[in-house]
Every structure is written in C-alpha cells, then in structure tokens.
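Participant: Let me begin by handing over the structure; questions about it come next.
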Amino acid sequence: MVEPATATQAAAPAVPQLKDELDIVIPTIRNLDFLEMWRPFFQPYHLIIVQDGDPSKTIKVPDGFDYELYNRNDINRILGPKASCISFKDSACRCFGYMVSKKKYIFTIDDDCFVAKDPSGKAINALEQHIKNLLSPSTPFFFNTLYDPYRDGADFVRGYPFSLREGVPTAVSHGLWLNIPDYDAPTQLVKPLERNTRFVDAILTIPKGTLFPMCGMNLAFDRELIGPAMYFGLMGDGQPIGRYDDMWAGWCTKVICDHLGLGVKTGLPYIYHSKASNPFVNLRKEYKGIFWQEEIIPFFQQAALPKDCTRVQKCYIELAKQVKAKLSKVDPYFDKLAEAMVTWIEAWDELNPTGAALPNGKAK
C-alpha cells in the first residue's frame, strides 16, 4: 500500500531554485491545510490561489506562506466582460492564475495532492524535479531508448543523431500520481479499488506528432515559452462538459509546441493523489466528452499551423479558427469555445503587454 510522506519526512532544499522566477498556482474551494505537508518545499515560493465557487466564503491559508488570492469577484473586476472566458465551479479556473502571474515559470497542483515517497521512503520534492525537467532540453524529434539523456547516469544511445543531441527548450513538465490514478469515469466504475503503486523512475520526451492526455493536478510549464496556450477552456457551470479542461489545454499546447519546436516531458515527479472523485458525478460531466473526443483527437492530429505563426498567441488564434470551422459540426459548444479561446488571448495580452519586464529582468 502506498502512503503519503509526512511533513517531518520532507526536507527543504538548501537553496530553492528559481525562487523569484516561479509561481505556484492552486485552484480550490476549501481551506488549504494540505500546504502544511508541502511547507518545506513550497514556503520559499509565491502562491497564486484561485478560489472557485462562492466568493463570499473565506479560504484559510496556513501562516507563513506568501500568497495572493483571487475569487470570482476579483476575476470579474480585473477582466470585465472578458471574465466570461474563465470557467466557474470547475478547477479550470486555475488558468486565471497563469494569466495574472508575472513569473517565467508556473507549477500548478490540486489541493488533494500530497507529498509522495520514492521506493526508498524519501519524500519527493515534486517542484524541484519539475524545475530540473524544465531547465534541461527535450528530444521530440528522435526517441532515446534510455529515456531522458540529460539525467545523471544516462546519455544518448548508439545511433542517436549527433545533430539532434542539443535538444530543444522544454516548455512543459507533466508529472504523475501514486495512489488514485487519473482515470475517466467508466474506468473508475469498473476498477473502483485500483490504486497506482508503481513508481517508474523515468522521464520521457513526448515525440513530435504524438498527443497525450495532460493532467493539470501536477504540472509545470515555462510561461514565457507556452503560457498563452495553457487555456483550460470553458467547463463547469453552464457548460455541457467537464473534466476535459486540462486535456483540451494539453492538446492545444502540444500542437503548438510541435509547430514551434518546443519539448514536452512526462514522467517524474510523482505526487500522492489522496482522494478519488465520485465516478457517477464524473460520468455526468464527461458523458459528452467521451463521444466528442473521438472527433476532437483526430482534429488535433490533423491540425496544421501556417509558417507565419511564430508566436504562441498567433498559433492559438489560428487554432481557434480551425476549432470553429471544423468542430462546430460536432456541437454548437465548440463555436462558443472558439470564441472564448480568442477572448482568452485578448485578456492575456491586456494583462501581459509585449515588452513588459518580468521580475527576472527579461523582456517578454
């Protein structure tokens, strides 16, 4: 049986990496007691908390954390009419935190994710591993059979082209989960007691042209490289679909990363996912998506972006046009989603004007 690490088992790194260049974004509807477990790893960093649901409810944050908290009233005040692109009563609201951040990197985690232990019993600093992933190159154009060649003890295998060994910048680091797997509702229903106890010590670059189901509960990315593509769509209250927010963002992001020559890694780090959501509630949210994805995924597999799309925003607007043209026949929802994608980019650019200086001194 897999158990989470305790706060006393978690040792903080001597010098926190990227302390002034990374924000931790947390969507929540409850008090953030789970941060006590993460204190040794998270306390040096700035938190952006996006409160979902009733804005009159007070969310308690443990003492000692540096944070800013936004509720629905704040989102409406900051974005005005463009707030319509931010989901309500759904964890997709987290992407508002990506938009208001001014840091180069983002790490986002759910409030039911605890510190995991590796096979030796040591607490895993998930944030530290994500940073390592993001700061080392990716290899999307040719698969290395020893997985990530930039890790200690690994390298490029015989036959790997020398011309590709420099790799490309890593835009996304996608982590995994011990205990409760990230299953869809039908799989939850037929495997209600299944738990993931397999710790696989591996990091892979997802090859160019290959899509993947991105999970937002243990995710990091380079906001400067890919931030505007990390829109978690229209989900939750008033929408016909839920639980596809992170996957939609992942499909859009992967197509754009492939086009721009950026890398996406998956594997380490693990977190301990503590709580299984209700499969019957999930089925109600996922029902249409289960059918729709059989057309959505081929759409993304065939999506091509023009050569003049050299900025993420331009790529994303082009994808929105293609969503409207090709997926609206699936359901009118996709017309609405395509419009929200454009609104998202407009709001992003308003809050992040080109040339604005970041805290690390780099211009956007």
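Placed from the backbone N, Cα and C atoms, the Cβ positions cover glycine too.
Annotations in TrEMBL come from automatic prediction, not curation.
Sharing the feature lines straight out of TrEMBL:
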CARBOHYD  ARG158  N-linked glycosylation site
SITE      ARG158  site 'Required for activity'
SITE      ARG165  site 'Required for activity'
Participant: Between ARG165 (site 'Required for activity') and the residue listed as 'N-linked glycosylation site', find the distance joining the two CA atoms and give it rounded to the nearest Å.
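Facilitator: Each residue's Cα considered, ARG165 (site 'Required for activity') and the residue listed as 'N-linked glycosylation site' end up 12 Å apart.
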Participant: Ranking the recorded positions ARG158, ARG165 by other Cβ atoms within 10 Å, which is at the bottom?
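Facilitator: Comparing Cβ neighbour counts within 10 Å for the recorded positions ARG158, ARG165 gives ARG158.
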